[in-house]
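Per TrEMBL, the features are as follows:
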DOMAIN    13-325  domain 'Tryptophan synthase beta chain-like PALP'
MOD_RES   50  N6-(pyridoxal phosphate)lysine
Ligand SMILES: *Cc1c(COP(=O)(O)O)cnc(C)c1O
C-alpha cells in the first residue's frame, strides 16, 4: 500500500485515465499484447503527464499561500503549457521562461535550438500558453534564463506576491508522487502487466512509476526511452528522485533494477525526430487512431517497435505503453507534419 493522503493535492485531471486494448497495433507489431494508458486525455489544458505532478506541486504551493508560479523549459514545453492551464484553473499568475537553445547534440555536445521556424516559435504549445494567460519570457541560453528567473522572483517579492519556482518538467520528489499514485491506479486496472514503456526526459514520471511499482511489490519492468540525453544522466536522475521521494514517504529507497533506460530512438538529440519516430507516429495513427508527438511519445513508440523487432520485448509479454501527451507539440512541427502524414 502507498498512502499519499498526508500530502497536499489539488484536483486537476480526471482519474483513472483510460487503459485501452490495442489489437490492431498488437497485430501489426506481430508480438506482444499492447495496451495504451491514456494520460494524454486526462482533461485540463489538452492533457499530459505533467498534470499528475502538478496536483502535488501546486497542492503544496497553495497550502503555502503562493500566488505566482514560475517555471521553465524549451519553446514547446508541454510542462509549461499544462502549468499555464492549471494556473488559469486555480487563479494563479503563471510566468514561463522559454529557452530556445535546449538541445545538446549527441554528436558534438553543442547547444542548439531544435527548430526556429514560425510553427515552432508561434504555434503548438506557445499559442496555448498565451491562451491560458501565461506571461512568456523567451531567451536563447540557460544563463539568460537564470537571469530572468532571478528578476521575476525579485519582482514578485517587491510587489508583495509569494512566488514558487517549479523545476523543469515538474520533476522533484513532490512531483514524482503523481506517478507513484499512477502506478497504483494502473495496477488496479490491470495487474498482469510485464512491462511499461514510456519516454524519459526530466525523469519524474519514470522515477515515480518505478518507485510506486516497487512499493506495491508489483513485478513490472519499466522501459524508459531517452528523449534528451545520455543514459547515465537519466539513471542518475532516477536514483536521485527515487531516493528523495522515498525519504519524503518515510520508506527505504528500493532497488531500481526493474528500470531499463535505452537511447535507441534519441537520434541527434532532444526535439529532433528521426525517420523511425515518424514511422511510429504513422503506425499508432493508422492502426488505432492514437496521436503521438515527435518529441516524446514518438520516440517511446519507436523504442517499443524496435524492442519487439529485435527480441528485447518477448512476443508473450503484456505491454502497457504510457501515453504521456504532447499533442500540441505536433503542430510545432507543422511543415514536416503534413509531409510525414502524406507519406
Ligand atoms: C515531459 C514529458 C515526458 C517526460 O516526462 P519526464 O517526467 O520529464 O521524464 C514525456 N512525454 C511528454 C509528452 C512530456 O511532455
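Cβ coordinates are placed from backbone N, Cα and C, and glycine is handled just like the others.
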Average pLDDT across the domain 'Tryptophan synthase beta chain-like PALP' (13-325), rounded to a whole number: 97
Other C-beta atoms that fall within 10 angstroms of the C-beta of residue 50 (N6-(pyridoxal phosphate)lysine): 36
